[in-house]
Amino acid sequence: MKVLSSLRRGLKRWRWALIVLIALAAALTVIRFYPRPGLADAIPLSTVVRDREGRLLRLALASDQRYRLWVPLDNISPQLVESVMLQEDAWFYWHPGFNPISLVRGAWSTYGSGEARVGGSTLTMQLARLRWRLQTRDIRGKLVQIARAAQLELCYSKREILEAYLNLAPYGGNIEGVGAASLIYYRKPAGELTLPESLALAVLPQAPSRRGKLAARDDDAYYIGAGLEAARARLYARWRERHPRDSAQDALLRLPLRLHSARELPYRAPHLVDRVLSERAWHPQSGPELTTTLDLRMQRLLEERVGNYLRRGRERGLRNASAMLIDTRDMGVRALVGSADYFDASIQGQVNGSAAKRSPGSTLKPFIYALALDQGVLHPQTVLRDVPSAFGPYTPENFDGRFMGPVTATDALVRSRNIPAVYVASQLKQPSFYDFLRQAGVSRMASRDHYGLALVLGGGEVTMEELARMYAMLGNDGRLRALRWRDSDPAEDGARLLSAEAAFITRDMLQQNPRPDAGSQSSSRPLPVAWKTGTSWAFRDAWSAGLVGPYVLVVWLGNFDGSSNPALIGVEAAAPLFFDIVDGLQAARVDLAEPVRQWPLNLKRVEICRASGDLPNAWCPQRGVTWFIPGKSPIRISTVHRAVIVDSASGKPVCGRFDPATMRQEVYEFWPSDLAQVFAQAGIPRRRPPAGHDCGGAQDWLGSAPSITSPFRATRYTMRLSHPEQLSLSLAATVDADVSRLYWFVGNTFIGSAEAGKALAWAPDRTGQFRLSVVDDHGRSDQREIEVAVVQ
């Protein structure tokens with residue numbers, strides 16, 4: 001009976017053991033085939049932003065406000081891995097996720113002996129606690145932790161578990177993982193850590209809050225505190241037991257270990273970094289590391305120059321500025337200063353000035369002339385009129401309120417004359433200036449009719465980025481290319497909006513613009529700069545933009561709230577800062593050599609008469625040369641200088657057969673009436689033709705036809721019966737110097753005549769459409785259509 005009873009008890013024990021084994025096997029099977037838990041799923045990561053040379057610009061917080069980077073195990077220093085294993089779990093590669101001996105020892109130290117607590121968690125158990133944020137201070141939490149650790153061991157390799165732990169372990173404050181810790185504390189990647197640095201990081205996770213406190217020294221530097229130093233020394237003693245012959249590390253361990261704090265993390269180029277971080281959703285493949293096209297050396301130079309300039313200009317009320325530097329060769333943004341001070345709320349410093357819509361003033365004028373070059377409207381020495389002019393209802397004025405009379409296209413652009421620019425824009429066909437800006441990517445433009453010709457003088461709005469792209473187009477032979485913010489952005493060929501010839505000539509025209517301090521020795525060597533300034537209406541914006549070597553530089557001064565300041569004049573406020581930066585780039589030995597460009601094949605140099613800009617006739621006294629695009633540039637013979645036969649004795653004009661014995665030939669200047677009037681008002685003497693020079697049409701072909709200046713073309717005029725003084729229209733036209741009288745017609749009906757340079761009053765006898773024409777006393781004519789309406 002005893003034997004039978006004993007056998008029954010043994011079978012019962014084996015039965016329970018078998019049940020436990022079956023239950024355990026079932027549990028392990030369920031765990032093994034249960035959906036594999038993610039190690040890093042839904043864990044937000046920080047982003048490292050670097051300049052093009054790999055220099056740190058910012059370590060951005062993850063969405064949960066922690067610094068956390070994921071570093072592959074192969075990119076972590078082997079010394080750090082060994083130190084962590086030695087400190088946390090020497091039996092890591094042999095246990096199934098939990099170590100029964102360590103658990104018993106930890107439980108005894110915690111609940112039984114009353115001695116200092118000893119942790120019993122394995123590295124896998126710690127990962128389970130970190131991954132699922134477990135509360136493990138009670139038995140239930142500990143059992144869940146053990147189960148989760150076993151699940152991880154069944155689903156992942158030891159290397160994957162070790163990698164996950166190293167990337168999730170706490171390292172003080174809101175710093176998690178060796179990637180973020182090494183970057184913050186040592187300013188280096190985890191793969192470059194030395195043994196002293198590795199030992200310090202290995203002991204941090206056991207007490208991150210206490211041991212993570214840094215000790216400040218007299219040199220304002222931070223070093224590891226006493227608690228961390230003691231823990232590191234204990235771990236090093238254990239490490240030396242494993243490496244008894246490696247005594248070279250002893251001296252290194254005795255040196256103070258310099259650490260940085262998270263507060264010391266660089267926060268450079270904040271506006272550019274904000275931009276690339278905000279666009280990460282558009283580039284999900286970019287990963288946690290973003291390499292920008294920015295050059296930190298150039299960025300610091302721009303920040304320094306902008307800051308110093310504004311400090312000097314404080315008395316003039318200059319408080320804010322933006323600046324941007326683009327490399328036209330790859331369109332990379334090399335530097336960006338979005339505001340004078342990112343952290344100054346009084347100037348709205350966090351606003352990125354490069355992306356703000358502002359009035360460009362005259363900075364868009366170069367593109368009007370570039371379009372005119374392509375459309376055959378002018379060449380660089382074409383003479384334009386800077387005289388009082390009206391373009392329909394629009395009557396522009398020059399910034400200085402004066403008129404220069406005849407001015408070459410180059411001088412009109414360089415001196416920023418408004419009236420010639422508006423005239424040139426009015427002559428553009430396809431594309432118009434409005435269409436060109438749309439093609440150039442200027443966003444949020446209103447309708448064409450909203451701007452009219454005021455668009456020429458800054459009536460629209462552009463961003464600094466859009467302006468920089470357009471100036472880069474001049475450096476890229478007429479191709480519009482996208483800006484590159486990230487090193488991974490493709491370098492596109494872009495779309496051609498201008499011919500290579502027009503881009504080349506426009507650059508050459510802008511290079512003739514003298515710098516504002518041209519008389520001083522501000523530069524160590526001459527440097528060709530193709531630049532232009534701009535001033536917005538009511539002095540709200542001061543601009544300077546241009547090409548210097550392979551770079552485009554754009555600077556802006558103003559206030560983000562749109563307030564005006566009389567000091568905000570482009571040539572006085574923005575140009576000095578522009579050239580201060582240019583000089584700084586030169587002093588820093590930045591390569592500003594002109595890039596090698598393909599010579600435009602369809603480009604020639606031709607001789608012209610300086611007075612008219614046309615091909616010289618036999619009597620032109622002063623000649624020059626200009627760029628000429630065959631098949632496009634306008635070409636005609638100059639008519640300003642003409643020969644008049646005069647009596648040798650009296651000097652009066654004579655007609656008839658030329659007699660060398662009693663007559664001689666004199667050359668006079670035949671200027672149109674509007675230009676002649678400007679010369680007279682300015683007191684500029686011209687050799688005007690004498691009275692009676694006309695000999696009955698022998699030289700009629702040389703003169704210019706009259707040009708109606710009033711009324712305006714295709715304009716509707718409203719006559720009010722209640723205002724008798726408004727029942728007539730003024731008829732006026734500019735004429736050649738050989739004209740004495742003008743004859744006006746409505747349709748085929750003669751309505752009156754007037755002396756050259758004088759207006760004729762005309763009162764319409766009905767409403768409707770009219771065709772007005774004027775004929776000079778040489779038979780040359782002009783005409784235009786108008787509409788007249790009569791109301792009470």
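The count begins at 1 with the first shown residue.
Glycine is treated like the rest: Cβ placed from N, Cα and C.
Note that TrEMBL annotation is computational and uncurated.
Keep in mind it's a predicted model, so treat the numbers as computed, not measured.
Here's what TrEMBL has on this protein:
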- 63-212: domain 'Glycosyl transferase family 51' (DOMAIN)
- 322-537: domain 'Penicillin-binding protein transpeptidase' (DOMAIN)
- 702-784: domain 'Penicillin-binding C-terminal' (DOMAIN)
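When Cβ distances are compared across the two stretches, the domain 'Penicillin-binding protein transpeptidase' (322-537) makes no contact with the domain 'Glycosyl transferase family 51' (63-212), since fewer than 3 pairs at least 6 residues apart fall below 8 angstroms. Taken through DSSP, the domain 'Penicillin-binding C-terminal' (702-784) splits into 4 helix, 44 strand, 35 coil. Break the domain 'Glycosyl transferase family 51' (63-212) down by DSSP state and the numbers are 94 helix, 5 strand, 51 coil.
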